[in-house]
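Visitor: Pasting the relevant annotations from TrEMBL:
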type     : residues : note
DOMAIN   : 11-143   : domain 'MARVEL'
DOMAIN   : 148-284  : domain 'MARVEL'
TRANSMEM : 12-35    : transmembrane segment
TRANSMEM : 47-65    : transmembrane segment
TRANSMEM : 85-105   : transmembrane segment
TRANSMEM : 117-133  : transmembrane segment
TRANSMEM : 145-168  : transmembrane segment
TRANSMEM : 180-202  : transmembrane segment
TRANSMEM : 217-238  : transmembrane segment
TRANSMEM : 259-278  : transmembrane segment
Amino acid sequence: TMAVARVNLLALTSWVGIARLFAVVLSCLTFSLVASTGNFRGPFGTWCMFTWCFCFIVTLLVLLLELLELYPMLPLSWEDFTSAFSMLAMLMVFTSSVVFPATFISSPCSSNKCARQAVATTTSFLCFLAYTVEVGLTRAKPGDISSFLSTVPGLLKVFEAYVACLIFSLLGEYNNSSGLMWCVAVYSICFIFTLLIIIFTIGRCLAYCPCPLDKVLVGYNFLALLMYITATVIWPLYSFKGRPRPESCGRNCWWDKHLGVTFLTIFNLIAYLVDLVYSSRMVFVRTP
């Protein structure tokens, strides 16, 4: 027997559906405006265009699957998938909204091309706000752990993995220094385990874990926090000690990249700390 697709108009008329519709329209408008300028070459331009196109396609697919109620046929946890994607899209679009104008808009902005780039930046930022609203609407309420990735620890897992990707994009040469190599190992190990947690949660595989999963996650967060504390201290110490910023430092200066890694490391350190606090409360503090 063939499954009959039903139309669920609530997928478009609910607040979450409206936020997704705004995200689809704004992301489409953004990459169309940028494409009309023809100025999006290079790694930063390619990344921004990929972000807007990727978010447009996946959000449109999510809307169609919910509109036709076909998502139960997929072998995954739909709530976890949509929560993780909306968080990822929010972070990606925010990054593009900052990177694109900083890279491609020059001052003074008086040409028609520059005006389109400015409008694209505005629509990209509005798209970021649409995804932010979706994250807020789909976030699990206190006491509700039906879908892990919609809880604060679950959303933080997506944030931690994304920040680690940004760190990898800034890693250049680290002079075979044992201290910097340890930091790279910290970023890689924590990224791999966090990504596996996200994938296994969406794929409904964590239920087969023979250990108490909630306590395992608390233990992992504690170890990741300790590792990031060492990286927060060691990375700037080995990167900048006795190495001031060169005067002829260009756009791709190693010193600036290492400074970016330093700040991103601090961001992830804070994220793992908050993650540990929230996950510990979920495990050890039982609310009536």
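Backbone N, Cα and C define each Cβ position, glycine as well.
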Visitor: Would you say the transmembrane segment (12-35) and the transmembrane segment (117-133) are touching, if the rule is that at least three C-beta pairs must lie under 8 angstroms and be 6 or more residues apart?
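Guide: Between the transmembrane segment (12-35) and the transmembrane segment (117-133), which are separate recorded stretches, there is contact, as judged by 3 or more close Cβ pairs.
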Visitor: Could you pull out which residues elsewhere in the chain have a CB under 8 Å from any CB of the transmembrane segment (85-105), counting only those six or more residues past its ends?
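Guide: Contacts with the transmembrane segment (85-105): 23, 27, 34, 39-40, 42, 44-45, 47-48, 51-52, 54-55, 58-59, 62, 114, 117-118, 120-121, 124-125, 127-128, 131-132, 134-135, 138, 149, 155, 158-159, 162, 166.
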Visitor: In the same chain, which residue numbers or ranges, 6 or more beyond the ends of the transmembrane segment (47-65), come under 8 angstroms Cβ to Cβ?
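Guide: Counting only partners 6 or more residues beyond its ends, the transmembrane segment (47-65) has Cβ contacts under 8 Å with 11-12, 17, 20-21, 23-24, 27-28, 30-31, 34-35, 40, 71, 74, 82, 85, 89, 92-93, 95-96, 99-100, 124, 127, 131.
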Visitor: Given the model, what does the mean pLDDT over the domain 'MARVEL' (11-143) come out as?
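Guide: 91, rounded to a whole number.
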